[in-house]
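Pulled from Swiss-Prot:
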DOMAIN    112-222  domain 'BEN 1'
DOMAIN    233-328  domain 'BEN 2'
TRANSMEM  7-25  transmembrane segment
Amino acid sequence: MLILTKVNIYMLIIVLWLYGYNFIMSGSQCPMINDDRFTLKRKYQIDSVESTMKMDKKRTKFQNRAKMVKEINQTIRAAQTHYETLKLGYIKFKKMIRTTTLEDITTSIPNIQKIYKLFSDISAIGKVSQNPSKMAYALLLYMFPNLFGDDHRFILYRMFPMSKIKHKIFSPFKLNLIRILVEERFYNNECRSNKWRIIGTQVDKMLIAESDKYTIDARYRLRPIYRIKGKSEEDTLFIKQMVDQCVTSQELVEKVLKILFRDLFKSGEYKAYRYDDDVENGFIGLDKLKLNIVHDIVEPCMPVRRPVAKILCKEMVNKYFENPLHIIGKNLQECIDFVSE
């Protein structure tokens with residue numbers, strides 16, 4: 001009978017440890033470790049690369065979102081300063097209108113006739129308003145007519161959105177003017193920020209209720225930005241930057257047309273133009289080189305085949321020249337009727 005002494009026990013432990021070590025390190029004892037046949041290890045190596053790519057994509061996505069939210073917050077902060085300056089300017093303008101005639105100030109203020117028309121229209125809306133929230137909504141209709149067109153892009157806008165990623169904010173600078181007008185009509189030119197926020201929240205509820213009646217038609221939808229490709233990398237980058245500012249293809253068309261045909265819209269001559277010559281109806285054809293630029297920018301962004309995109313793009317160009325919605329004042333009666341109900 002073997003008597004285990006402390007020395008024997010220590011020797012036994014050392015022998016067993018060496019045997020186990022040799023067994024693990026020996027390729028013949030563990031053939032799965034062979035690199036040529038270790039498919040599991042290879043699989044994990046591939047997954048790690050894919051995982052890294054996914055993480056990079058997520059990181060880029062969140063960085064872009066963070067950048068967008070930061071820019072929105074900066075705009076909101078700038079709008080607060082703008083509100084105070086605009087209010088002082090509005091009060092001075094009202095005093096000037098009361099003490100002088102339009103003829104007297106025509107030479108001193110550029111575009112005074114347009115400003116006077118705007119002032120006259122918004123005053124007419126304010127006079128018949130009985131509710132601050134309805135007045136604010138009516139002024140949104142008046143100041144953002146292009147958002148309430150056939151593409152229903154207003155669906156994606158809010159005054160105080162719960163999510164700055166999901167919804168866009170109406171121009172804070174135009175909202176400042178609306179706030180000043182509401183304050184003047186209902187609050188004797190005084191309205192604290194929390195009260196204005198309550199009014200904005202009520203307007204957002206009205207927008208939500210109206211949004212439930214509509215959807216953005218497929219023809220007005222845009223491709224995801226990562227799927228947009230131009231003729232070159234430079235073109236692709238430029239188009240993506242344009243699309244990033246739009247929510248529908250109609251809005252993209254409008255943005256490009258206002259850049260390329262700015263003089264026509266500024267002078268009012270746009271009324272005489274259409275996509276093609278139309279002698280019978282007295283319309284002049286638009287510059288074909290500029291129209292080609294419109295197609296090159298818009299078509300890659302539409303989620304349809306190029307031939308279909310070309311037809312739709314042409315229709316949107318004609319539609320916009322028939323009724324350019326960015327020109328405010330055309331829907332004055334609609335706004336007055338809304339607040340009068």
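Sequential numbering from 1, following the chain as shown.
Every residue gets a Cβ built from N, Cα and C, even glycine.
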Looking only at the domain 'BEN 1' (112-222), what are its DSSP counts of helix, strand and coil residues?
74 helix, 4 strand, 33 coil
Quick one: average pLDDT across the domain 'BEN 2' (233-328), no decimals.
93
